[in-house]
Amino acid sequence: MPGGQQPQKHYGITSAISLAPPREIDHLYTKKLCDAMKPFGVFEDEEELNHRLLAVLGKLNNLVKEWIAEISELKNLPPSAISCVGGKIFTFGSYRLGVHTKGADIDALCVAPRHVERIDFFQSFFEKLKQHEEIKDLRAVEDAFVPVIKFKFDGIEIDLLFARLALQSIPDNLDLRGDSILKNLDIRCIRSLNGCRVTDEILYLVPNKENFRLTLRAIKLWAKRRGIYSNILGFLGGVSWAMLVARTCQLYPNAVAATLVHKFFLVFSKWEWPNPVLLKQPEDSNLNLPVWDPRVNPSDRYHLMPIITPAYPQQNSTYNVSTSTRTIMTEEFKHGLSVTDEILQGKAEWPKLFEPPNFFQKYKYVFIVFVQMYLTQPELIGLVESKIRVLVGNLERNEYITLAHVNPQSFPGSKENLNENEFVSMWFIGIIFKKVENAESVNIDLTFDIQSFTDTVYRQANNINMLKDGMKIEATHVKKKQLHQYLPPELVQKKKRVCCFALFCRLTRLFLVPFILSFFSSPPHSGSKAKTIPTIDTSRTQVFNSVLLNVLVHFYLFKCSCCRFQRLPSMELPDASSPLPASNSCRVVKNSIKLALNRHK
């Protein structure tokens with residue numbers, strides 16, 4: 001290299017797009033970006049950070065070591081082995097990445113040596129946690145895809161996984177990144193380890209951790225504000241957003257956060273899905289574990305938006321993405337690019353990027369999923385939420401539906417006719433229908449689509465003994481004008497518009513009335529000093545009548561044109577209450593689609 005410079009380290013599977021260093025103005029935009037994020041509580045203060053590290057994670061780590069020593073003694077290990085048996089708590093997710101927000105939960109992993117079994121974790125360790133006075137809301141989910149114990153430790157929510165390694169002891173300096181650590185492990189332990197291994201690999205593969213973290217904070221805040229942050233509903237979860245940001249950092253290794261946010265939208269608004277996003281070339285560790293590979297696995301070929309985890313065994317973190325959610329996210333990438341273009345051109349400020357869309361004004365047709373349950377059944381909300389994408393998939397497959405958009409935010413329902421220990425939760429799904437040509441009327445029957453969803457939820461709730469008398473699951477359709485019956489007024493109110501008639505009146509008052517007075521008024525005779533009353537010049541009446549008639553005719557045509565476009569949006573079908581459309585459009589007469597599930601054991 002000229003001048004004795006060393007070549008910059010290569011990151012990712014391709015070379016960088018740009019190695020340009022940041023300019024002074026880029027640092028200024030980054031500072032403004034930080035200022036714009038502060039009101040949303042994305043930065044944790046020093047006091048809260050110390051509380052998590054010392055008071056919570058430190059105590060939990062000591063608790064794990066105590067428990068493993070007790071189990072070792074019960075299993076008759078010699079005292080010399082018990083003294084060094086170890087055990088450790090690892091963190092992963094947003095906390096490990098360094099992008100946790102105020103009050104966020106902590107994802108953690110308990111790593112134990114080979115003589116400690118999973119049943120010990122869910123029995124004796126669970127009982128040990130029960131006895132700890134700082135631990136509240138303790139519950140075990142042993143039959144989950146990734147088994148977990150959930151609890152609050154001194155007010156901080158913790159999801160604790162378990163992995164048993166094929167080692168005699170667990171040292172404090174244990175590194176989980178090596179693939180050899182996966183040897184002789186069962187699949188549940190491998191899944192539990194995967195979170196930590198992926199998080200550590202992401203941090204290892206980015207050129208500048210601080211720039212990565214600040215950019216990821218901004219993108220996660222943007223995704224939450226725009227309603228596209230939810231893996232369970234078919235959007236992207238935290239690890240997927242982290243990998244997209246990490247890939248952007250690899251392509252622009254010297255850029256600061258403000259530039260990286262803009263480049264993020266530039267790259268992924270133009271990304272040709274389903275080409276996968278990879279942070280490094282997949283490696284085969286010869287452990288015979290299933291990995292994402294569309295050349296070998298036919299099911300992997302149908303993934304719409306693959307983002308592949310960098311740690312072995314490589315998996316697609318976005319298998320829940322559907323046609324609708326990919327379309328919605330792609331449009332949001334384009335919107336983000338447009339806004340950041342304006343910001344970097346000095347035409348807008350960063351808060352504009354975090355403005356939420358008005359979901360309830362966007363869609364003319366909306367489905368509501370109601371769940372009525374007991375206060376002692378909060379886990380039922382998670383069950384229903386995990387199955388809403390089944391309903392979205394059913395709707396997407398309907399030949400008349402273009403897009404089904406579920407709002408990630410759930411809303412409390414009305415408390416009327418409910419007991420004190422009951423409550424209702426609601427999810428909203430916006431629908432866009434296809435425009436059907438050459439049809440006078442179209443009947444759309446969604447009964448089977450919705451029934452299959454409610455049956456799926458019912459069966460699973462019944463299988464895990466969650467179904468109780470009085471529980472009700474219902475999916476129904478409402479029109480936009482009926483939303484005020486379910487939601488607060490501020491969510492469904494339209495922005496105030498000046499109607500055509502009001503606009504016409506204002507223009508008349510400002511311009512036409514003064515014109516009429518001046519047009520018909522005869523000026524006083526010159527040389528006369530006395531005050532005179534203006535007289536009407538009747539010779540101009542015919543001209544005025546012609547002008548007035550033309551104004552009224554044009555206003556009438558303008559008014560009719562506005563009304564027609566407001567009633568029939570271009571991309572939606574009219575419903576039965578809409579006025580008759582032109583002959584080249586169509587009307588939809590919907591069959592009853594209101595379904596209620598109220599079965600008893």
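Note that the numbers count up from 1, one per residue, in the order the chain is shown.
Every residue gets a Cβ built from N, Cα and C, even glycine.
What TrEMBL says about this protein:
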type: BINDING; residues: PHE92, GLY93, SER94, THR101, ASP105, ILE106, ASP107, ASP159, LYS220, TYR229, GLY238, VAL239; note: ATP binding site
type: BINDING; residues: ASP105, ASP107, ASP159; note: Mg(2+) 2 binding site
type: BINDING; residues: ASP105, ASP107; note: Mg(2+) 1 binding site
type: DOMAIN; residues: 12-206; note: domain 'Poly(A) polymerase nucleotidyltransferase'
type: DOMAIN; residues: 211-355; note: domain 'Poly(A) polymerase central'
type: DOMAIN; residues: 358-423; note: domain 'Poly(A) polymerase RNA-binding'
Output the one of ASP105, ASP107, ASP159 that, of all these binding-site residues, has the highest number of other Cβ atoms within 10 Å of its Cβ. ASP107
Across the domain 'Poly(A) polymerase RNA-binding' (358-423), DSSP labelling yields 22 helix, 20 strand, 24 coil
Taking only the CA atoms, the spacing between ASP159 (Mg(2+) 2 binding site) and ASP105 (ATP binding site), expressed in whole angstrom, is 8
Applying the rule Cβ within 8 Å of the centroid of the Cβ atoms of ASP105, ASP107, ASP159, what extra residues of the same chain belong around the Mg(2+) 2 site? GLY93, TYR95, ILE106, ALA108, LYS150, GLU157, ILE158, LEU160
Would you mind splitting the domain 'Poly(A) polymerase central' (211-355) into helix, strand and coil residue counts from DSSP? 74 helix, 6 strand, 65 coil
May I ask which residues of the same chain, at least 6 positions away in sequence, place their Cβ under 8 angstroms from the Cβ of PHE92 (ATP binding site)? ASP107, ALA108, LEU109, GLY195, CYS196, VAL198, THR199
Among all the protein chains here, how many other CB atoms are within 10 A of the CB of SER94 (ATP binding site)? 22
Widest Cα span across the ATP binders PHE92, GLY93, SER94, THR101, ASP105, ILE106, ASP107, ASP159, LYS220, TYR229, GLY238, VAL239, in Å? 20
